[in-house]
Amino acid sequence: MGLLIESIILCLIFFVICFLGTGNDEKNIKSFESYPDEIQSIIINNDRFKNKIVMKSPYISFISNVFIFSIVLFICGIIIRSDSWKQNFLNILILGEVLNAFDFFFIDMIWWRNTKRVRFKGTEKLDSIYKNSEKHIRSFLKGIVVFVIVGVIDTIILFFI
């Protein structure tokens with residue numbers, strides 16, 4: 001039951017963070033890499049935005065995600081900790097993959113593709129481009145790997161404390 005409650009709370013918190021991180025161009029530019037390539041091209045060529053874009057290395061993003069989610073899921077793992085390292089690994093893996101699936105199916109495929117909050121000024125009518133799911137699918141697949149790594153890291157730490 002604890003795993004279910006933690007999963008629901010984690011997904012709700014994640015959605016609130018995503019929601020609050022959108023709503024205007026200044027907020028949206030922080031998630032520049034998650035936009036379809038066509039939208040990125042438009043924004044890069046826009047004088048108003050091009051100096052605000054911060055490009056991150058995909059490797060740094062991956063490592064940052066492992067680091068951040070290791071901390072978040074470690075805290076969750078402590079709350080639902082068991083005496084079995086296998087159960088701890090499964091719990092953390094399930095939490096991570098549930099969050100990843102929620103991010104993909106609900107946030108990316110339903111909310112993000114349809115909300116006007118993520119649209120940059122001047123691109124609001126480009127619905128078909130915003131509905132391109134290629135980046136979301138790649139992000140979901142990377143998330144699977146991230147959460148396996150997080151599960152291993154957190155299980156090792158939980159085992160020794």
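Just so you know, glycine gets a Cβ as well, placed from its N, Cα and C.
Automatic, uncurated: that is what TrEMBL annotation is.
Record features, source TrEMBL:
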type	residues	note
TRANSMEM	6-23	transmembrane segment
TRANSMEM	59-80	transmembrane segment
TRANSMEM	92-112	transmembrane segment
TRANSMEM	140-160	transmembrane segment
Remote residues contacting the transmembrane segment (92-112) - C-beta distance under 8 A, at least 6 residues beyond either end: 3, 6-7, 10-11, 14-15, 18, 69, 73-74, 76-77, 118, 133, 136-137, 139-140, 143-144, 146-148, 150-151, 154-155
Distant-in-sequence neighbours of the transmembrane segment (6-23), which means Cβ under 8 A and at least six residues beyond its ends: 30-31, 72, 76, 79-80, 94-95, 98-99, 102-103, 106-107, 111-112, 115, 117-118
